[in-house]
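Participant: Here you go, one structure.
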Amino acid sequence: MSKVIAINAGSSSLKFQLFEMPSEDVITKGLVERIGLTDSVFTISVNGEKVTEISDIPDHGLAVKILLSKLIDLGIIESFDEITGIGHRVVHGGEKFNDSVLITDEVIEQLVELSELAPLHNPANIVGIKAFKEILPNVPAVAVFDTAFHQSMPEKSFLYSLPYEYYEDYGIRKYGFHGTSHKYVSERAAELLGRPVEQLRLISCHLGNGASIAAIEGGKSIDTSMGFTPLAGVAMGTRSGNIDPALIPFIMEKTGKSADEVLEVLNKRSGILGVSGFSSDLRDIESAATEGNERAKLALEVFASRIHKYIGSYAARMFGVDAIIFTAGIGENSDTIRARVLQGLEFMGVYWDPALNKVRGKEAFLNYPHSPVKVIVIPTNEEVMIARDVQKLAL
Ligand code: ADP
């Protein structure tokens, strides 16, 4: 028996989940928010109850110290020795990492080099890794990458039709993200279908604040909607998804914004927020649409129609599809988005039952039994994938 902690460090936050392994039972979970600001918030669940404390936590090092000492103070563990492994989510593994890896000093150096590709995310992940390393230097730590699962994409999928030397010289290519989630739901779908993943063609729709679609053939990602960065693909909560690249200089000229400022608009003020004009949260949009708000209805249509198109495109790409999977906040909970995405797909063998589509937040098939293509809701679990990789590589 051992305890493994899965960590997801962001620029001002640190999420954690402590697992008993190999049983995969969740002992506790929580998060630290507003790191580096005043009134930082530490939340941890103890016996199903949330405990919250507010204090100033200036850096990730202190956040880790507080988290670990709380585990002891609250009687969740008796000593740090009980923690036998740490798993860190790392956003970008570039072309170097096609799987999770035991973290060494050399790996940390490589992650620093990769920060050029993910300047918003990798530095925060590295700060989290270093903070744990300082406090628990002898506990093995593993990096689990968002990009790794998509490293199986063939060149025809990952290459942009740009001068080839841009790929060679600068690493400009599609990397894809949410890989840990797409991998988890594809493996789980195979279990639920009772068929080996090697025999399946799956389309996985990870629909949260960030959203991406993946074509998974024989257990391997062969294409995905996100690209060089997580800005590409379908419309998202605040991200535009794919747009005509010529719009960037055009918007710069019209608005007087710099390239960075336009990028900020594409990342933070577009997508569902941009189209609706009032919220990036799908629940707000759904209730406003029910009350007749036209822009909210439009945001729903824009969001769902892009996903619908990707499904057709990826079915063509794999010469068919065995199952379509919905996961993450919207995919797991929103029957209205699922209904719009699946609408009219009977031509390609997707027959789904509106009564089954009412499900929220749990595993369920939405298809009629005779449907050639199955439709499955699977709550994602990136944390358990991280804990499994720690178990595999470090214990
Ligand atoms: P993140 O990418 O931040 O992890 P999540 O996977 O938590 O995001 O998804 C957040 C999105 O899920 C939000 O748009 C939220 O409105 C939506 N969502 C969560 N619960 C529901 C629900 N019951 N019905 C509709 N949408 C929901």
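Glycine is treated like the rest: Cβ placed from N, Cα and C.
What TrEMBL lists as Mg(2+) binding site is Asn8, Glu382. The ATP binding site annotation in TrEMBL covers Lys15, His206, Leu207, Gly208, Asn209, Gly210, Asp281, Leu282, Arg283, Gly329, Ile330, Gly331, Glu332, Asn333. What TrEMBL lists as substrate binding site is Arg89. Annotation comment: TrEMBL describes Asp146 as active site, proton donor/acceptor.
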Participant: Excluding near sequence neighbours, so keeping only residues 6 or more apart in the same chain, what lies with its CB under 8 A of Lys15 (ATP binding site)?
Facilitator: Ile7, Asn8, Ala9, Lys29, Gly30, Leu31
Participant: According to DSSP, which kind of secondary structure is Glu382 (Mg(2+) binding site) found in, if we only use helix, strand and coil?
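Facilitator: For Glu382 (Mg(2+) binding site) - judged by DSSP and reduced to three states - the answer is helix.
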Participant: Within 10 Å of its Cβ, which one of these recorded positions (Asp146, Asp281, Glu332, Glu382) has the largest number of other Cβ atoms?
Facilitator: Asp146
Participant: Within 10 angstroms of the C-beta of Ile330 (ATP binding site), what count of other C-beta atoms is obtained when all protein chains are considered?
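Facilitator: Around the Cβ of Ile330 (ATP binding site), 28 other Cβ atoms lie within 10 Å.
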Participant: I need the nearest neighbour of Arg89 (substrate binding site) among the binding-site residues Leu207, Asp281, Ile330, using C-alpha distances.
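Facilitator: So, spelling it out, the nearest of the binding-site residues is Leu207.
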Participant: Return the member of Leu207, Asn209, Arg283, Ile330, Glu382 nearest to the residue listed as 'active site, proton donor/acceptor' in space, with distance defined Cα to Cα and candidates limited to these binding-site residues.
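Facilitator: Closest by Cα: Glu382.
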Participant: Cα of Glu382 (Mg(2+) binding site) to Cα of Leu207 (ATP binding site): how many Å, rounded?
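Facilitator: Roughly 14 Å, rounded to the nearest whole number.
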Participant: From Leu207, Asp281, Glu332, which binding-site residues have a C-beta atom under 6 Å away from some atom of ligand 1?
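Facilitator: Asp281, by Cβ distance under 6 Å.
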Participant: Just counting, how many other CB atoms are there within 10 A of the CB of Arg283 (ATP binding site)?
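Facilitator: Other Cβ atoms within 10 Å of Arg283 (ATP binding site): 12.
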Participant: With a 10 Å radius around each C-beta, find which of these binding-site residues (Asn8, Asn209) has the fewest other C-beta atoms nearby.
Facilitator: Asn209
Participant: Can you see whether DSSP assigns Glu332 (ATP binding site) to helix, strand or coil?
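Facilitator: The three-state answer is helix.
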